[in-house]
Every structure is written in C-alpha cells, then in structure tokens.
Amino acid sequence: MAGPGSPRRASRGASALLAAALLYAALGDVVRSEQQIPLSVVKLWASAFGGEIKSIAAKYSGSQLLQKKYKEYEKDVAIEEIDGLQLVKKLAKNMEEMFHKKSEAVRRLVEAAEEAHLKHEFDADLQYEYFNAVLINERDKDGNFLELGKEFILAPNDHFNNLPVNISLSDVQVPTNMYNKDPAIVNGVYWSESLNKVFVDNFDRDPSLIWQYFGSAKGFFRQYPGIKWEPDENGVIAFDCRNRKWYIQAATSPKDVVILVDVSGSMKGLRLTIAKQTVSSILDTLGDDDFFNIIAYNEELHYVEPCLNGTLVQADRTNKEHFREHLDKLFAKGIGMLDIALNEAFNILSDFNHTGQGSICSQAIMLITDGAVDTYDTIFAKYNWPDRKVRIFTYLIGREAAFADNLKWMACANKGFFTQISTLADVQENVMEYLHVLSRPKVIDQEHDVVWTEAYIDSTLPQAQKLTDDQGPVLMTTVAMPVFSKQNETRSKGILLGVVGTDVPVKELLKTIPKYKLGIHGYAFAITNNGYILTHPELRLLYEEGKKRRKPNYSSVDLSEVEWEDRDDVLRNAMVNRKTGKFSMEVKKTVDKGKRVLVMTNDYYYTDIKGTPFSLGVALSRGHGKYFFRGNVTIEEGLHDLEHPDVSLADEWSYCNTDLHPEHRHLSQLEAIKLYLKGKEPLLQCDKELIQEVLFDAVVSAPIEAYWTSLALNKSENSDKGVEVAFLGTRTGLSRINLFVGAEQLTNQDFLKAGDKENIFNADHFPLWYRRAAEQIPGSFVYSIPFSTGPVNKSNVVTASTSIQLLDERKSPVVAAVGIQMKLEFFQRKFWTASRQCASLDGKCSISCDDETVNCYLIDNNGFILVSEDYTQTGDFFGEIEGAVMNKLLTMGSFKRITLYDYQAMCRANKESSDGAHGLLDPYNAFLSAVKWIMTELVLFLVEFNLCSWWHSDMTAKAQKLKQTLEPCDTEYPAFVSERTIKETTGNIACEDCSKSFVIQQIPSSNLFMVVVDSSCLCESVAPITMAPIEIRYNESLKCERLKAQKIRRRPESCHGFHPEENARECGGAPSLQAQTVLLLLPLLLMLFSR
C-alpha cells in the first residue's frame, strides 16, 4: 500500500524487475556504480518540510504565546536550586510520621486484645452466635437466616473502592478445614469481639486506614470493616491467616533452617508425595529474612540443589521456587541413614552461623520421615546440649506409629515439636505448629516488635481482588504486631494469641512526595532491609499473556535490577545500611514502552525512614531538573483562572489531603483547592506552596484558552481538520486541553484520558510528551507516533510537543510543555508535498521521492519511521527495513547503539511437567488429592479392598510432557539515539554486486531526519538490525555462583531465638481423625464427584 500522497503506481514493481534484469545482463560481472543522490536537493526538501510542520505545530500549540507570557513574569519569580539532601530528609520525616500513625493503630489493637483475653475464662460449652464472613446474610430454603449467618448490614463505601462493607462491625472468617463452632474458635471469637470499638476508633482517628484485622493462632480471622466473603471459582476459600507473611513475620524471629527429607525405599508412593508437599509448605512459611537448605537422605546425602552443598541460601521467592522445581526429581530407594543427615545438618548450621551471613537468630532442623530406629542422643549431646539452641521439628509421614516415640523424643529433647501427617489434608495444619513454638521466646520476653512486610499484592482475600486502581492490583505493605497471653500461669509456655495488622497501600507513600519538587525526570523510591523495592517507578508488577498477570518474583525485585548502571551497588548498599548521603551516575532511562532511551546524569540522595526497615531515595536529573522557581499572583487572580473549563490537575498528586475526613473523599483535587482557597472547608489540609504555584501557572497560561478558541472559530484555519488537539502541561501538574474537532471525531480517543498513563501527570512521572520535549533544544519540537501494545502498530496520529523555559540558560527550569496531536495522514501529506520541490528553474527536478530508484523515509531521533512509501512500515524501526543503511549510520557515528538490560523480563521456557506430581504442590489440587485419599481409606476400612493404588494412579501416572511457560529472566536489548551534532551526511555502502548510496538530513527545529536511499541496490547480504530482546543465558557454573552470591542485607534489629525460662514440655503428639472432620469433608466429597 502506498503512503498518503505518494503517486507511485502499482506497476512499478514489475517495471523495476525488468529494468534490473536488463541492466544486470549488460554489466555482467561488473559492479554497478551507485546512484548519486544530491545532498542539496534533500536539504531543500528537509528545510521545506521542517518550516511547514514547525509553523503548524507552533501555531496550533500556542507555544510562542506561552513562552512570551512566562517571559513577562521573568522579573517576578525567584529561582532556587533544590537541596536534594534536605528534600530527602524532609520526605523521610513525612513518611515516618505516616508510618507511625499506622503502627500506633496496631499497638492499640494489641493492648485491647491482650486485655480482653486476660479477662476471659475459657468455657468449653460456650454458645455464641458470631458473624461468620462466609455465612452472613445467607438464608435457608424457608427464608430463615442460617446459623452464624445473621443479618449483617453492608453498604458500598468509596474509601474501599465502593465495596459493600460495614464500618461499625468486624466479621470472622474460619478456614474451610476448621469447624466453625469448635470451642477454641468460639471462645477466641467471643473475647476478640472487644476489638470492634478499637477498629472503629482507629478509623475515626485516621480515616486513611484501610483493612484492620486480627489473625488468631487458632485459625480464625477477624476483619474490619466487615465484608462478605465469597468462595473462588472452585467453591473454596483457601485463606488461612496463619500462613500469611505478615502473620509469620510478626509471630517469629528470623531463622536458619535445614530440612532433612527421608528418601529411603519405605517412602515410596504416597508417602513421598506427602513429604514433598510438607517441604513445600515449610518453604511457604519462610521469608526474606530466613535462610534454608534441603537435604534428601538414604544411605547417602543428596543436596536437592547440589550447587549449594554445605551452605544455606536466602529464602526469597526465586530461591524457594528453584528448590521446588528440584523436589520433583526426588525418588525413594535404599535405606535411611539418619545419623549422617543429622551430623551434616548440625555442621551446616554451625558453619553458616560463623560466617555472619545468616539470620544469627533462631536455628532449626526439620526432619520429614516415616520413622527413626534410634533417638540419636549422642549426636544431640555432641552438637546441641545443654543449651538446645537448635530446635528439632519432626514430621512422621504415614499412619504407622511404630517409630513415633523416637521421633517425639527427639523433638521434645530439643525444644521442638512432633506431628504425624497421615494424609495430604493434614500437611498445612501440622506444618504451622512449628511457628508457634518458635514464637515462645518472643512471647516470654513480651517484646511487641513492629514488623513491616515487603511490598505485595494480596489476591487471596476476595475483597483484595476487587481493591484495585486504574493500573491494576494495589501494591501494599502490612504493619503487624504479635498478641501475647499475659496470664501468669501460662507465661513460661509462651502462648501466642495471634497477630494484629493493617494494610498500607504503597500509593499512600507517594502522596507524601511533592512531585513538583523532583523535576521532570526526578522520582522517589524506597527499599527494604534486603534491598528489595518497596516503590520505584521502574517496578513492573504485571506481564501480559492473554490477560494481565502478576510476575512471580514481583515482591523481591532488587534495587540493583532497576538502577542497574550502579554495577558496584554503591547506592544500594548505602541505603541498605541506612546511611544518609549522595551518589551520582549516568543513567539510561527508557520511556515509551522501553523503545526509547534518555541518557542523563542523576544525583541520588538517600536516608533511612526511622521506625521502619525501609530507606528512602530521591533521584534528581542534572541541569533543569535541579532547579525550581517560585512565582506569585493573588488568590483572586488565580481562582478566577482556575474556574476555566479547560483546566485540570493531576489527580494522583496531593495538592490537598482528601482522605482525612470522609466528607472530602468525593472531591477531586481541583475541587478541593477551590474550596480551600475560598475558605469553605477549614478542615482541608493542603500544600500551600504547591497551590501558590498552581495559581501562578493558571494565571500565566490563561490567555492560551482564548488563543485556541479563536483558532477553532476561524473557519479558514485547519479546514481539513488535520490538527485535532492542542494541550499544555505545567510543572505543577496543571493541564489545559483544546479540541479542534468534535470529541467523537478524534482519531485517538484515549489520548490524555485517565487510562492513558504515559501521557498524563501521575504519581510516578510527568507525561511522555513533556519529558521528551524537555530533552530537546529549546524552541524545537519533538514528533512521535504512539506505539501500539499489539503486534501491529495501528497508530494514526502524530504528537508534537515543545518545552517552555523561563530563562535562556542551562539552569532555567522547564516550566511547561505544549503540543498538538494531528492525523498521521495529514502529517505525511505535508512530507510528500515538500519532497516534490526543487531549485531548478525549468521545474524539472534531478531526483524525486516519486522516482523508482529511491526510497524516502522520515525517521525520528530513535530510528523509528514516521513516513515511508510503504504505509505499513510506519512505526517500525528503520534498521529492520534498511539494515545496511542503519549499520552504516552507526559506523559513521550519526546514530549510536545503547545496550540496555531488563532484569524483570519474562521469557518463554519449555518445562517438562507431570500434571500429577507438580499439581500436588498446588494447594487446591493437594486438597482434592487429600479428599480422594481419605475416601480411599474409608473404603479400605469398609470393604478391606485396596483401592488406593487404583485411585491414586490418575494423579501420578500421567505422562511427562513439555509445557511452554513464561518465566522470569534477564534480557539484553539495544536502543538507538541520533548524534545531535551531525546535521547531515552522505554515505556509500559496498554490497556484494552493487554500491548503495544514501543521504540523511536533519529536519530543522525537530527530532526528525529525512533519509533518501538508493533502492536499486538491495544489499541483502547485510542483515536487518532489530531491537528484539535477547535472553541472557547463564551456564551452570555461573548459575551456581549467582545462587551462592548474597548481596549485602541488614538483619532485623530484634531477635528472640532463645529464652532460658521456656517450658518445652508441650512438644506435640499424634493426631487422630475426628468425626467432625469427616462431616466437614462430606460436602466437598460430593462436589468432587460431581466434577
């Protein structure tokens, strides 16, 4: 398809082939001489097009008017250089106060819970009708409320994304595998009812709070505000608060763990499957402050990951998943030599502790086996007695109890716990027992450590799946504290009652950051004590495969993976170590879906956020990004110009805090400012400095509205409706928009709308057109076409923007950017018209873009095509179309290649999978398998016929097959940037049988280049240059080094691994299958057989 305005006929291809054949025959083996493309003609075309398109852009954007208006105020403004160190300290202080408010709310819940429990006396016969979150408002067939399902008033609340909630009461969720009326549950629910008034009081004190909750050690979960819980698509609510990170982190101290798995011959079949699931469940309970290794043993030791022989590794998600994959490779044979395994485990813990790299706190050995023939007291005497600093937790797999006594003795003699796991359904409940044992020293110390989790998306809560913003699921951190029994008679037992917590959306942090003080490219970011990102504009949580999905390792992205130019981790390590200081480096920031790169120098300022494990950093780009100016106008002037209908403000910026009072939550930021300035809402808290600058920008930019309106009303202007939108944005987040066509006629309906995150002011960055314009020479326009997210670029518009500077010098801040969006067809027609001009008096041009022998292109400073005779090439990278020419431009220095790295990429990988074995590691499949196993046992008991092997075979005997999945990976890819100093150049490329000539000429006052290429020489021997990312593959030895490598981290400040007064007599016993459990499972059995 020919581009708009290109007159080339469809028969050209055939004619060209015939001419080429005749020419080749005439020349034989003689290399053809290249066609000479006159530079002067191309220069004329470029000048004509540049003048025309700049005239249009300047006229319709009003750039000259706006520049003039700011110049008029030049003497009335004060320019300041931003003090980055003072700025980051102030921001850290603001965040510290915000975090402190959240932790104080949690502390009040702790005090109330402990007081209520102290006053309560356990009553095994207690009958209490509580609000069960699953059953509330449910009726039977006669219309009566179900038991525990009383009427519970719910109303949509805008603070909770309009979810129906009850802000007067909490309700209670009980795990599916637990009995709703178990005496322990009923008693716990009864005394914890007193938390309701504290929940409400906390919300009154701090209306920005969202979910508050108490997770009981008995398993129930009390949540405020109360909400109805709905089962997932499988009819199950798998949530158990005790295996959530906030619960585990608050309940226990950091730990070093060695997991020993018996793989002797007696562990074959279902026992090994249960053992693997037990290991997987233990891994689920380990967090970023823990360290672990897994050793399988029979007559020999088999490290699950041989590379990590004799050491421990951090329990981050990546490492845990790596070990899970290796679990599938375990198989049972031989005899079990537990003494060898225990010796190895003790030695590893001792050696690793001496390196100073681990948790330097709790230590434990987890033993998973179907029996032990000895108590191995000589080993314990050698390594662990009398202090018993290493706890032994033993898990007996299977129904036989012949060797239970030895395993129980080992656990009890080493301050551990013994459990028996007979079925897959038993795994999770039994694994979690060890957490409450590890919590004992903390409880005895009565140390209510405040813990903050890493950033995460909690999608297990039904309401959390709906609590999303425009960008997808809400990223949050949780502040939590443990709740202890204060009854004197149980003090030495160290009884943990549970954990209280509240969620803090990360966007709450961003509200404390004055984006206008950070400059166009500036940003704030925060990391945890492990160096993982809490918030950073480059953190990408989701990937797209059919629909948007969470990346598996999104919560453990290290700062060094986004600020990758800091190869020595200088910035990262200083922040992890809670230093205050400054660091500078050249950075390569990608924009526009990673296809373009801006090279700049950033100054980083950092400090710690006291009372939390977090550190805060601020990045300011050198040059205009380091300067700020203050203008001054009267409130009356500013208010008048804010009333104009074309004015809007950045909704994600905090001009006024509308969260403090419920009556303000419905206000937009612009509405809040107007009420504040008019004195109608004295309770509104606003940023006076920012609002003063908003008023200044509103006054200075106000005349442009009338200017745009006059253009729109002039019928002789823009008659072909080529220019559709004019827009401006200022450093304060103020925007103005004018449509030159009806809204329904806009080619790009999404432009500047809330969903168009790249092109509007948001919490992370200025609009793309603003950022790119700021890097252009003042007075010039930057032109671009938006990239489609799909495989084919469907853009039909061109965006042009330019920056407005206050002063004609380098330190001048960029105060605003203005631009237009026009139809691509209109833009391309202007190009083709300009390319027909020539200086010849007789009107006969020596060369034309209409000629068969040349191809004409218009490309931007990153090498992307805006105009080509083949319309389908629009938006493509020039190197993919003209590889030989792009290669020559790189060699000549007209363009330079910049290598970029993506450490958050997702790559396709072929994995060998067995639906059965791997599926068992999924909780739901595991549960279904458990139900099948229990049913088998019942059948065994009733008919004494072994159906187990038959029933279980469908879960294990499925053939291995290759499955293609997307997995986290590292990639390398190029970006290209033009050299500004080179305005024009010509070149010749020696190909196999011809010489290819070309001319490249910069379009004046723009980021564009006209490229005219000799098309008679195809030069197919030179491969196209692509921008496709290449996966960085690591060989086995490098993979091993990366596994072993441990970046600098800071351990949590508190540790409660041991207490001499601990009463370790409660150390477990063999559970029995209760009738009530069978009754609970019957509905699930029916569901299973109906599938």
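Including glycine, each Cβ sits where the backbone N, Cα and C put it.
Here is what Swiss-Prot records for this protein:
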{"type": "BINDING", "residues": "Asp262, Ser264, Ser266", "note": "divalent metal cation binding site"}
{"type": "CARBOHYD", "residues": "Asn166", "note": "N-linked glycosylation site"}
{"type": "CARBOHYD", "residues": "Asn309", "note": "N-linked glycosylation site"}
{"type": "CARBOHYD", "residues": "Asn553", "note": "N-linked glycosylation site"}
{"type": "CARBOHYD", "residues": "Asn632", "note": "N-linked glycosylation site"}
{"type": "CARBOHYD", "residues": "Asn793", "note": "N-linked glycosylation site"}
{"type": "MOD_RES", "residues": "Tyr924", "note": "phosphotyrosine"}
{"type": "MOTIF", "residues": "262-266", "note": "motif 'MIDAS-like motif'"}
{"type": "SIGNAL", "residues": "1-28", "note": "signal peptide"}
{"type": "TOPO_DOM", "residues": "29-1068", "note": "topological domain 'Extracellular'"}
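Here the CA atom of Asn632 (N-linked glycosylation site) lies 76 Å from the CA atom of Asp262 (divalent metal cation binding site). Other than the site residues Asp262, Ser264, Ser266, same-chain residues with C-beta atoms no more than 8 angstroms from the centre of those residues' C-beta atoms, the divalent metal cation site, are Val263, Gly265, Met267, Asn298, Ala332, Ile335, Gly336, Thr369, Asp370, Gly371. Ser264 (divalent metal cation binding site) sits 34 Å from Asn553 (N-linked glycosylation site), counting Cα to Cα. According to its DSSP assignment, Asn309 (N-linked glycosylation site) is coil.
Break the motif 'MIDAS-like motif' (262-266) down by DSSP state and the numbers are 2 helix, 1 strand, 2 coil. The closest partner of Asn553 (N-linked glycosylation site) among the recorded positions, by CA position, is Asn309; the full candidate set was Asn166, Ser266, Asn309, Asn632. Look at Asn166 (N-linked glycosylation site): DSSP puts it in a strand.
Among the recorded positions listed here, namely Asn166, Ser266, Asn309, Asn166 has its C-alpha nearest to that of Asn632 (N-linked glycosylation site).
Over the motif 'MIDAS-like motif' (262-266) the predicted model carries a mean pLDDT of 96. Comparing Asn309 (N-linked glycosylation site) with Asn166 (N-linked glycosylation site), their Cα atoms are 54 Å apart once rounded. For the pair Ser266 (divalent metal cation binding site) and Asn166 (N-linked glycosylation site), the Cα-Cα distance reads 54 Å. Contacts of Asn166 (N-linked glycosylation site) defined by a Cβ separation under 8 A and a same-chain sequence distance of 6+ are given as Phe152, Ile153, Leu154, Ala155, Pro225, Gly226, Ile227, in order along the sequence. Counting every protein chain shown, the number of other Cβ atoms lying within 10 Å of the Cβ of Ser266 (divalent metal cation binding site) is 20. Minimal Cβ crowding within 10 Å, among the recorded positions Ser264, Asn632, is found at Asn632. Taking all protein chains in view, 25 other C-beta atoms sit within 10 angstroms of the C-beta of Asp262 (divalent metal cation binding site). If you draw a 10 Å sphere around the CB of Asn553 (N-linked glycosylation site), it holds 17 other CB atoms from the protein chains shown.
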